[in-house]
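Peer 1: Before anything else, here's the structure in question.
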Amino acid sequence: MIQTLTDLSALRALVNGWKREGLRVALVPTMGNLHAGHYSLVMLARQYADRVVSSVFVNPTQFGPNEDFARYPRTPEADLRGLEDAGCDALWLPDVDTMYPLGTALATPIHAPGVSDVLEGECRPGHFDGVCTVVARLFNQVQPDVAAFGKKDYQQLAVIRQMVADLAFPIEILGGSIVREADGLAMSSRNQYLSAEDRPISATIRKVLLQMRDSYAAGTPRAQVEDAASQALEQAGFRVDYAVVRLPDLSEPGDSYTGARVALIAARLGNTRLIDNLEF
């Protein structure tokens, strides 16, 4: 049966007990309102560890002033049931005072230069500083051997990998595959904001990503691929933040480059901001 913890000393006692038994511990950080994508991360983590801790904490420092912190959906009972079914051993539920004992205004910030300054970093200034700051705290609290993050947030995964390498966290970072709805829409806690009229249109993002991959593979210059993607999304009713092709480190590839790439899209449909990507 899953254990629910709200006290940091109790969490550390539990994890230390596991480690004394020689068990590997994994962490799956979340903000709650969980879905099949989150549960797939628990199952992925289980393949690399003997015990899995998931955290649920809606982190105020990664939301901008006009973003949806106050209305971010919170579904604790459903989250607990789903985590238990997925094989999670412990649920860590810190409050804001536990996570930020000196208050958010005095929180020691962490910034990952370069990778956090482009794309999402330009659209949501300070977002990745908040992500790094809370993830580093979760790493210190849980002391995991392994941590799993979803590839839907591709840039976030890259930012965390850079932070882990730079700060020498002894933690293996796993990237979990994107889990999609039947029509291709990437699962997200924010999908429930979509109106009934917008929900069928939202799957256009996946179709455009596939078109970007195929067009790029056919030799179309990158700038043309990106312009065509933005136009297709706008014609479908989206307001586009970006539709780009990048290298895995998020730098820009030359048109003659034939190695691994990723197409990334961020766009708004109605009041809902959606992100997705496709590696190829």
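Glycine residues also receive a Cβ, built from the backbone N, Cα and C atoms like all the rest.
Under the heading active site, proton donor, Swiss-Prot lists H38. According to Swiss-Prot, the ATP binding site annotation covers 31-38, 150-153, V179, 187-190, on the basis of sequence analysis. As annotated by Swiss-Prot, (R)-pantoate binding site applies to Q62, Q156. Residues annotated as beta-alanine binding site in Swiss-Prot, with sequence analysis given as evidence: Q62.
Can you tell me where each of these features sits in this structure?
Peer 2: Note: H38 (active site, proton donor) has non-local neighbours V28, T30, S54, G82, G150, i.e. same-chain residues 6+ apart with C-beta under 8 A of its own C-beta.
Neighbour count (other Cβ atoms within 10 Å of the Cβ, all protein chains): 24 for L34 (ATP binding site).
For Q62 ((R)-pantoate binding site), the number of other Cβ atoms no farther than 10 Å from its own Cβ, over all displayed protein chains, is 21.
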Peer 1: With every protein chain in view, how many other Cβ atoms are within 10 Å of the Cβ of K151 (ATP binding site)?
Peer 2: 19
Peer 1: Just to verify: the residue among Q156, S189 with the fewest other Cβ atoms within 10 Å, which of the binding-site residues is it?
Peer 2: S189
Peer 1: Could you state the CA-to-CA distance between M31 (ATP binding site) and Q156 ((R)-pantoate binding site) to the nearest Å?
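Peer 2: Cα of M31 (ATP binding site) to Cα of Q156 ((R)-pantoate binding site) measures 14 Å after rounding.
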Peer 1: Do you know offhand how many angstrom separate K151 (ATP binding site) and Q62 ((R)-pantoate binding site) by C-alpha?
Peer 2: 18
